[in-house]
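Copied over from TrEMBL, here are the features:
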DOMAIN    14-224  domain 'Alanine racemase N-terminal'
MOD_RES   Lys36  N6-(pyridoxal phosphate)lysine
Amino acid sequence: MHQFLKARQDVLTQIAQACQTAHRNSDDVQLLAVSKTHPSTALEEMYRCGQRAFGENYLQEALQKIADLKSLEIEWHFIGHVQRNKTKLLAENFAWVHGVDRLIIAQRLSTQRPQDMSPLNICIQVNIDAQESKDGCQPNEVMQLVEDMSQLPNIHLRGLMVIPAPNNRQAFKDAQQLFDKVKENYPTLKTWDTLSMGMSGDLLDAVQAGSTMVRVGTALFGQRDYH
Ligand SMILES: *Cc1c(COP(=O)(O)O)cnc(C)c1O
């Protein structure tokens, strides 16, 4: 069997097994293929294996791939940290932006989203385990951000995104509780359905804790070469 096809099936099987253990429906967890540093040809191969959602971290690299692969029906997710001066290109080129941690960023994305495109899906990135050098808002800032971001016309506020330190299962549980708390406080926020957490090394724990979208790179494409 082709290498990518096998890798993808292995990951989907892991997700399905984790769902079964957690008594969850495997349709409730989406696989985002993290393709940073891999060439457009690798994404195209993975697309031929059935993958549609791809996540990229670096804007210039992503824009090149989006141009290369514009004939394919790829759903592009930006999962890197969002800087203020990048919002326009993100709003114009992506379906999802996961790393939003300040209101000003969401406001700019909403204003800059082209009117002929559907609303931009965003996740609030939370520094769930109080890491010092990490991006993301503080957990106690989330409610106010939801309050403010949910008013913006051209974005759909979908949920939370976290990147805890390795082997921190409690952080996944904390993220899940925060996610549920927002859902309880904002029952009319119908778009609130996404908990973006889990990577190649910890996707089982993440799914058990309630992740609805795992972001997987290495287990699909192999090791990354940053040179
Ligand atoms: C690179 C990256 C991933 C994928 O990590 P792997 O360990 O290769 O699966 C997931 N999320 C974010 C935010 C990343 O930057």
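One-based numbering along the chain as shown.
Each Cβ is built from the backbone N, Cα and C atoms, and glycine gets one as well.
With a 10 A radius on its CB, the residue listed as 'N6-(pyridoxal phosphate)lysine' counts 18 other CB atoms from all the protein chains.
On the 0 to 100 pLDDT scale, the domain 'Alanine racemase N-terminal' (14-224) averages 96 in the predicted structure.
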